[in-house]
C-alpha cells in the first residue's frame with residue numbers, strides 16, 4: 001500500500017499567522033527521511049487558503065518524493081499547472097466549493113469543462129487522477145477518458161466509522177445526521193460503505209484503473225481498508241498533522257506507516 005502524505009494543514013498553520021513557519025520544505029524532508037512516505041499530496045485551492053503557488057513551485061523544484069497536486073477545474077489553476085517546468089507526478093481533479101470547510105464529496109463527472117481539463121493535462125504529459133465517489137458510472141467515465149487512476153472519496157465510510165467507534169458523536173463538531181442513529185444503523189451503513197469501496201476497487205482493477213482512496217482517514221478507521229487488496233494508495237493528512245502537533249511529525253508519520261504498510 002502506497003502512503004501519500006497530505007501536508008496542507010502544515011501550511012494552514014503558517015497561513016493563520018501569515019508568517020514563515022512551519023516551513024513546508026522541512027516537513028517534506030522529515031517525511032522523506034522516514035523512508036515510509038511514497039508521495040506528497042497538496043491541494044491548490046482556488047481561494048489559496050493554505051497551499052500557495054509559490055509552495056507548488058518550491059516543492060516541485062526540490063522534492064525527492066513524487067508530488068500529487070489536488071485541484072479543481074478552475075482555468076487559472078489549470079493554466080498554471082500546465083505551464084510548469086517541473087511537472088507534478090499527477091494531478092488529482094477534485095470538486096471544490098469555496099464555502100466548504102473541506103472537500104464534501106466526489107467529483108461530478110458531468111461537470112462542464114472537465115473533459116477539456118483532463119485533455120489539457122494529458123497533452124502536457126501529466127498523469128490525471130479523478131477524486132470520485134465509489135460509483136460505477138464514475139469509473140466508466142474515467143476509463144472513457146483514458147484516466148488511469150482514481151481516488152475514492154472515503155468520507156462517508158470514515159464519518160460512519162468515527163461515529164460508531166470513537167467519541168466523535170460527543171464532540172463539538174459532531175455530524176448532526178449521524179448523532180441520532182442507533183449503533184445498529186451505524187454498523188449497517190458502515191458495512192455497506194465498506195462493501196461499496198471494496199466492490200468499486202475491484203471493478204477499477206478489472207478496468208485497468210489504479211484505485212486509491214482518501215478523505216477523513218485516521219489511525220483507527222484506516223485499518224479496515226487494508227482488507228481491500230485492490231486498493232493501491234491511501235492519501236492521509238489531517239489526522240497525521242493533528243497527531244504531529246502533540247507528538248511530532250516524524251513520530252506521527254511512522255505510527256501511520258506502521259498501520260498501512262504491514
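Every residue gets a Cβ built from N, Cα and C, even glycine.
What Swiss-Prot lists as active site, proton acceptor is 43 (among others). Note on residue 43 (active site, proton acceptor): other Cβ atoms within 10 Å of its Cβ, all shown chains, come to 23.
In this structure, residue 70 (active site, proton acceptor) is part of a beta strand by DSSP. Within 10 Å of the C-beta atom of residue 70 (active site, proton acceptor) sit 24 other C-beta atoms, taking all shown protein chains into account. Per Swiss-Prot, active site, proton acceptor is recorded for 70 (among others), and the stated evidence type is sequence analysis.
If you look up Swiss-Prot, you'll see 215 marked as active site, proton donor, on the strength of sequence analysis. According to DSSP, residue 215 (active site, proton donor) sits in a coil region rather than a helix or strand.
The 10 Å shell around the Cβ of residue 17 (3-amino-2-oxopropyl phosphate binding site) contains 8 further Cβ atoms across the protein chains shown. A helical conformation is recorded for residue 17 (3-amino-2-oxopropyl phosphate binding site) in the three-state DSSP classification. Feature annotation from Swiss-Prot assigns 3-amino-2-oxopropyl phosphate binding site to 6, 17, 216, 237, 238; the stated evidence is sequence analysis.
Residue 45 (1-deoxy-D-xylulose 5-phosphate binding site) falls outside any helix or strand according to DSSP and counts as coil. All protein chains shown were included, and the count of other CB atoms within 10 Å of the CB of residue 45 (1-deoxy-D-xylulose 5-phosphate binding site) stands at 21. According to Swiss-Prot, the feature 1-deoxy-D-xylulose 5-phosphate binding site maps to 8, 9, 45, 50, 102, an assignment based on sequence analysis.
What Swiss-Prot records for 151 is site 'Transition state stabilizer'. Around residue 151 (site 'Transition state stabilizer'), taking its Cβ as the centre, 28 other Cβ atoms fall within 10 Å, counting all chains.
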Please classify the secondary structure at residue 6 (3-amino-2-oxopropyl phosphate binding site) using three-state DSSP. strand
Have a look around residue 215 (active site, proton donor) and count the other CB atoms within 10 A of its CB, chains all included. 25
Could you check the binding-site residues 9, 50, 238 and say which one's CB has the fewest neighbouring CB atoms inside 10 Å? 238
Any idea what DSSP makes of residue 238 (3-amino-2-oxopropyl phosphate binding site), helix, strand or coil? helix
Given the recorded positions 8, 50, 70, which one's Cα is the least distant from that of residue 43 (active site, proton acceptor)? 70
Taking the Cβ of residue 8 (1-deoxy-D-xylulose 5-phosphate binding site) as the centre, how many other Cβ atoms fall within a 10 Å radius? 22
